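Quick look at what TrEMBL lists:
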TRANSMEM  12-30  transmembrane segment
DOMAIN    47-161  domain 'Ferric oxidoreductase'
TRANSMEM  50-67  transmembrane segment
TRANSMEM  79-98  transmembrane segment
TRANSMEM  118-138  transmembrane segment
TRANSMEM  150-168  transmembrane segment
TRANSMEM  174-193  transmembrane segment
Amino acid sequence: MILSTNIVKRSKPIILFLLLLPSILWGLTFVQGNLGINPIDKLMDELGKMALRLIIVTLIISSLSQYRFLRSLQNIRRMIGLTAFYYVVCHFLTYIILDHFFNWKFILKDIVKRPFITLGFINFILLLPMVSTSTNAMVKKLTFKVWKKIHYLIYIIAPLAALHFYLLKKADKTEPLVYLGIILLLLFWRFYYKIIKK
């Protein structure tokens, strides 16, 4: 049974709403002062984890869409990827605005001295060419071959994002290790599939 492209396309508004809903709820909870004793850290943490989860979802979709009966999932991959970037931006702005109040001197020092901040900043920079070339018009302008090479950055971004989370966690590191394990399995499968396809 092939998953209908029409069903996937019609589901996009609902999927997008569900993807954005957590950020709305966290925002409201933050404003109401109900995010615990460290609300800024909690908000930043949840936004970052959501971004990482959605990056993993895009990798899963890339793997699943290799099969003909699930190829229609490609129609939501870009939307999920852009939503992941939305969460990255929210995570980044929470750090810059709420946590450090635009104290650029401190922020730059933080980027240099703390490895997990360095990785987070590198990842944010790496995401920019992917986002700026995410439209159909850019695919035509760059040619599919060049566009595809740019979007291979996701295979660097995903493990770096998991490593960023791992270095951030001070106590139980199980969750970031699980995410990293899933990412490495997906990357292995992706490259293995390319080899056997040849």
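The backbone N, Cα and C atoms fix where each Cβ goes, and this holds for glycine too.
Unlike curated records, TrEMBL annotations are generated automatically.
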Any contact, the transmembrane segment (50-67) to the transmembrane segment (118-138), with at least 3 Cβ pairs under 8 A: no
Per-residue pLDDT averaged over the domain 'Ferric oxidoreductase' (47-161), given as an integer: 94
